[in-house]
Amino acid sequence: ELLEEGEDCYCHIPPNPCCDPATCKLTPGSQCAEGLCCDQCRFKKKGTICRIARGDFPDDRCTGLSDDCPRWNDL
């Protein structure tokens, strides 16, 4: 899903309680609307596993500052 210019979140079908369907902006108090590090409109805590490790690589973990799940080597 690609956001259009001026949108904070994808506000189309299905409805998302974190995203205002009229403005495509986050609802008051929401930090995020979706993503591996978003839970109930809030960023998951720093260190929360968002992607299980494969092979010799460590688990990917949330930063607590974003809804994205960075790859271990992006930190």
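For all residues, glycine too, the Cβ spot is worked out from N, Cα and C.
Look at Swiss-Prot and you will find 1-75 tagged as domain 'Disintegrin', backed by sequence analysis.
According to Swiss-Prot, the feature disulfide bond maps to C9-C24 (among others). All chains included, 25 other C-beta atoms sit within 10 angstroms of the C-beta of C9 (disulfide bond).
Residues or ranges marked as disulfide bond by Swiss-Prot: C11-C19 (among others). C11 (disulfide bond) is surrounded by 19 other CB atoms, counting those within 10 A of its CB over all protein chains shown.
Annotated disulfide bond per Swiss-Prot: C18-C41 (among others), in sequence order. For C18 (disulfide bond), applying a Cβ distance below 8 Å and a minimum sequence separation of six or more within one chain yields C9, L26, T27, S30, C32, A33, E34, C38, C41.
What Swiss-Prot records for C32-C38 (among others) is disulfide bond. Neighbours of C38 (disulfide bond), defined as other CB atoms within 10 A of its CB across all chains, total 22. Look at C38 (disulfide bond): DSSP puts it in a strand.
Taking the Cβ of C37 (disulfide bond) as reference, residues of its chain lying under 8 Å away and at least six apart in sequence are, in sequence order, F43, K44, T48, C50, C62, T63, S66, D67, D68, C69. The disulfide bond annotation in Swiss-Prot covers C37-C62 (among others) and is backed by similarity to another entry.
According to Swiss-Prot, the disulfide bond annotation covers C50-C69 (among others). Secondary structure at C50 (disulfide bond), taken from DSSP and collapsed to helix, strand or coil, is strand. There are 19 other Cβ atoms within 10 Å of the Cβ belonging to C50 (disulfide bond).
Under a cutoff of 8 A between CB atoms, and with a sequence separation of 6+ in the same chain, the neighbours of C24 (disulfide bond) are L3, E4, G6, E7, D8, C9, Y10, C11.
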